[in-house]
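The structure appears below as structure tokens.
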Amino acid sequence: MAAQAGTAPEDDTSAVLDELSRNFTYWAPGPGNGSLSSAWYRRNQIHLFGVLLAILGNLVISISLNIQKEHPKPYFKSVLWLSGVLLTAVGETGNFAAYGVAPITLIAPLGCMSVTGSAIISVIFLKENLRASDLLGMTLAFAGTYLLVNFAPNITQAISARTVQYYFVGWQFLVYVILEILVFCILLYFHKRKGMKHIVVLLTLVALLASLTVISVKAVSGMITLSVTGKMQLTYAIFYIMLVIMIASCVFQVKFLNQATELYTMTTVVPVNHVFFTTSAIIAGIIFYQEFLGAAFLTVFIYLFGCFLSFLGVFLVTRNREKEHLQQSFVDFGNIPGKQMLDKVQPDSNGLSYGTLPDGGDSTRGQCGEKKES
């Protein structure tokens, strides 16, 4: 009995390693491995399904954002505004499911589809101007997405509770978490104590939390997916640990992101947040789930080049977009109910009335006359 008890941990470790070896499949050179071959599609069917879920989810989110753009305030009695909130929930559900069937390094960069989709919808339905930078940005984003889908790590991995436990106590993730907590605490100190509210500080805090979010989202989604297929994973404690990490990191992530949107324009926050979030998610996928293990250098280079193209496309699409929709810098009192417009708000600088109130002379004489009579 003692011998059996002593070998039990070794058996568990070997079982996990055997499971990991069965879960991973790597790209191997050979005939029919081109991106347009039938062998490529057969080998990547599950990944393509995740890509489809992520793209559809991001497009649904872009539709919801344009619907809410018509009602920027939360009109809870507005059916249109509530429809936008519902579509956002549907889109995020699609992204959640996508993380369960495809690698993080494949799904996270597809957030650029939300930005480009929102720009297309704004031009078609909201009649916004289509700029040359929009066309160039969309082209670069689509080209980058194509490269990402084709050269992302070809890893098929069933996320079980034992697999997550094995990764959770691995030295790579422990070192990564210690460094991340250290950087997070330093930035939080400067943000809270020193009052630093620079966009890089705020969005770096968001990105550090986002790395934990994508790790936990993939773990929770993968275990739920495996449970639906008949292999119950919801009885393991690691599932609920990851669920708590997912919820907590999302809440604090939204908190810092809201602070950034209050201090800076959306055209500044969106592209920077996309770059920071995607970079943090890719690093998390590489370290925790070891998604680039065994990948060739050329494959990694083309993948990173695709990320660069998508980043550049997002910057071009969002560049100077809000400046085209600035309101007039003066108040037209003629549009205020119950107010009668007496004169121009900003008189001619060459006129005698510049810097005085309308009919200022009459009102002054009337006040002086009242004083004399009294």
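Just so it is clear, glycine is given a Cβ too, placed from its N, Cα and C backbone atoms.
Taken straight from TrEMBL:
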- 46-67: transmembrane segment (TRANSMEM)
- 79-100: transmembrane segment (TRANSMEM)
- 106-126: transmembrane segment (TRANSMEM)
- 135-153: transmembrane segment (TRANSMEM)
- 173-190: transmembrane segment (TRANSMEM)
- 199-217: transmembrane segment (TRANSMEM)
- 237-257: transmembrane segment (TRANSMEM)
- 269-289: transmembrane segment (TRANSMEM)
- 295-317: transmembrane segment (TRANSMEM)
- 344-374: region 'Disordered' (REGION)
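Remote same-chain partners of the transmembrane segment (173-190), defined as residues 6 or more beyond its termini with a Cβ less than 8 Å from a stretch Cβ, comprise 167, 196, 201, 204-205, 208-209, 211-212, 284, 287-288.
When Cβ-Cβ distances below 8 Å are used as the criterion, the transmembrane segment (46-67) is approached by residues 80-81, 83-88, 90-95, 97-103, 106-107, 110-111, 113-115, 117-118, 121-122, 125-126, 149, 152, 154, 156 of the same chain, each at least six residues removed from its ends. Contact between the transmembrane segment (269-289) and the transmembrane segment (79-100) is not supported, since fewer than 3 Cβ pairs fall under 8 Å when only residues 6 or more apart in sequence are counted.
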